[in-house]
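> Below is a structure I'd like to ask you about.
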Amino acid sequence: MATDYARVPMQPRRGREREMVSCVALSDETPTEHTKLLSSSVSHSTQSRALLMAQLGQVVGWYELRPLLGLALPLVLSSTLDHVSAVVPVMMMGHLSANTSKEYISAIAMGMTFLLLTAWTVVWGTGSAMDTLCSQSFGAGQATDLGLVFQAGWLAGNLLLAPTMVLGIFCKDILLLFGQTDDVATLASHLVLIMLPILPVALFYDLLRRVLQSQNIVTPLMGVSCVSVVATIAINYVLMFHTPLGYLGRAVAVVIMALLAPLLLWPYLVQSNVYRQEWKGWDLHAAWTLVPEVLHLGISGAAMQGFELWGISIASIVAAFGRVGMLPNAEVAISADVCMHGFRGFFHMLYGPVAVAGSVRVGNALGANDPQRARTAAWQCIGMCGLLGMVAAICMVSFRHSFPYAYTPDDNIVTLTAQLLLVCAPFQTAVAIYVGIMGVFRGSGQQTRGAIVNGVANLLIGLPLGLMLANMVADGIVGLWLGISVAFLICAVYGIVWLMQVDWEGLANDAHVRTQDTHHAGQDDSVVALP
């Protein structure tokens with residue numbers, strides 16, 4: 001349990017309001033001939049300033065901004081390190097062989113994309129269920145529920161993973177169906193088959209990470225990322241360049257790091273006694289009763305994440321293969337698409353952690369039956385994401401001609417990428433707000449709502465619009481991304497309208513029902529006092 005949190009009875013807001021009124025009343029006592037004029041004036045002035053500052057803090061939400069930033073900043077660093085761990089090995093693969101570097105890079109890109117759209121979507125979906133259940137349980141003061149929810153997530157996640165692992169066996173056939181060459185499909189399938197068995201372990205670590213995040217414990221995760229980035233680079237280098245494995249060393253390194261990550265976290269778990277407070281042993285029978293709830297939230301969360309990824313990936317496939325004939329130069333288009341993804345990935349390392357922090361704080365507040373704090377945390381999350389989106393837009397415009405040279409010296413690709421960045425720049429604030437909205441949805445248990453919005457915006461509006469615009473503009477990839485950007489804008493606008501109208505008291509009641517369910521263990525009348 002985080003040491004800076006205490007379990008205390010929840011104080012009704014009306015009680016706090018009465019205390020504030022009583023303070024004002026004390027300062028307005030009727031003076032007598034025995035009253036000291038100077039001390040009364042100073043006392044009244046001091047109390048008035050204190051009351052004004054307290055009211056200002058309530059309006060601005062300083063009490064919530066500090067813990068939100070305290071969560072977000074370590075998560076940003078951790079996300080950055082994880083991004084480096086993913087990118088550097090791919091760069092290494094490009095230097096394995098001058099003759100086959102393109103095939104190796106394409107193979108790892110296709111293999112990871114395949115896993116991203118299947119297995120990892122399931123892992124993240126199950127994780128979104130944990131975001132809701134764990135953060136709200138912790139906010140409600142039911143830390144002993146977290147171990148049971150973890151077990152339910154483990155069971156539900158493996159049920160959802162099983163079909164995706166079967167799909168992985170047929171990875172080569174699926175990639176060939178989508179137009180990949182036989183060489184690339186074969187190389188990619190070899191990588192996928194090596195990584196498939198480790199997916200349950202990756203799920204285990206992701207669920208463990210969500211349990212800690214829900215308790216505002218993020219520093220150990222940052223430490224794991226710091227160690228992992230060094231270990232990942234070293235292991236990949238040794239396996240790919242100094243063993244017969246070659247490019248397969250990348251997949252073996254993924255397996256090793258998936259096994260190593262939980263072990264790196266174990267010393268903290270033992271030293272902090274978190275497992276003693278929250279882990280009461282395996283109770284699969286009790287955990288199984290929670291599986292339907294986890295499946296409901298997890299499937300919706302997977303759809304919420306998947307609809308976005310699938311919409312973007314289909315557009316990328318069109319860019320790569322020109323299936324509908326609208327892209328006159330597919331090689332230039334796919335290169336510009338890669339540059340665009342690189343820019344998005346960089347700034348998503350900022351939006352994403354802020355959204356995770358917002359999800360945790362909203363869930364904690366709803367679990368603690370504090371709808372006002374949940375509302376404040378949600379709006380602060382959206383505001384921070386929006387500001388970062390403005391920065392991203394400015395950077396897109398400012399560096400649109402220089403950024404593409406980090407990927408290629410080809411002037412045609414640079415020119416097309418610059419045009420693409422300029423067209424998409426005005427939508428970056430909406431993209432960032434969208435990411436924040438998805439975090440609020442996870443914290444408040446609104447994954448189904450998020451899935452519906454993403455499905456309609458991305459698959460029914462954004463993708464068809466992008467395909468239509470690709471036929472109308474000279475550079476088809478620009479039209480495709482314009483359609484994707486409109487989808488993000490629709491989601492962001494909907495999210496803002498929803499936030500303005502949502503019944504936070506109702507969401508707090510839903511959290512109360514969820515956390516006080518008779519299947520849960522460790523019920524008590526205390527809540528966590530949020531800092």
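The backbone N, Cα and C atoms fix where each Cβ goes, glycine too.
The structure displayed is predicted, hence computed values, not measured ones.
Residues or ranges marked as transmembrane segment by TrEMBL: 71-92, 104-123, 184-205, 217-239, 251-270, 307-326, 346-366, 378-399, 419-441, 453-474, 480-500.
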> The transmembrane segment (217-239): which same-chain residues, six or more beyond its ends, come within Cβ distance under 8 Å?
2, 71, 74-75, 77-78, 81-82, 84-85, 88-89, 92, 209, 245, 249-250, 252-253, 256-257, 260-261, 264-265, 268, 274
> Cβ under 8 Å to the transmembrane segment (71-92), counting only same-chain residues 6 or more beyond its ends: which ones?
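105, 108-109, 213, 216, 218-219, 221-222, 224-226, 228-229, 232-233, 236-237, 240-241, 250, 253, 257, 345-346, 349-350, 352-354, 356-357, 360-361, 384.
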> Decide whether the stretches the transmembrane segment (419-441) and the transmembrane segment (453-474) have at least 3 CB pairs under 8 angstroms, with pairs required to be 6 or more apart in sequence.
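Between the transmembrane segment (453-474) and the transmembrane segment (419-441), which are separate recorded stretches, there is no contact, as judged by 3 or more close Cβ pairs.
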> Residues of the same chain, at least six outside the transmembrane segment (378-399), with any C-beta under 8 angstroms of its C-beta?
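For the transmembrane segment (378-399), the nonlocal Cβ contacts are 61, 64-65, 68, 72, 343, 347, 350-351, 354-355, 357-359, 361-362, 421-422, 424-426, 428-433, 435-437, 439-440, 443-444, 495-496, 499.
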> Should anything in the same chain at least six residues away from the transmembrane segment (184-205) have a Cβ under 8 Å from its Cβ atoms, list it; otherwise answer none.
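Residues packing against the transmembrane segment (184-205) from afar: 103-104, 106-108, 110-111, 114-115, 119, 123, 126, 154, 157-158, 161, 164-165, 168-169, 171-172, 175-176, 247-248, 250-252, 254-255, 258-259, 261-262, 265.
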> Which residues of the chain, 6 or more past the ends of the transmembrane segment (453-474), have a CB below 8 A from one of its CBs?
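Tertiary neighbours of the transmembrane segment (453-474) are 303-304, 307-308, 310-312, 314-315, 318, 324, 326-327, 480-488, 490-491, 494-495.
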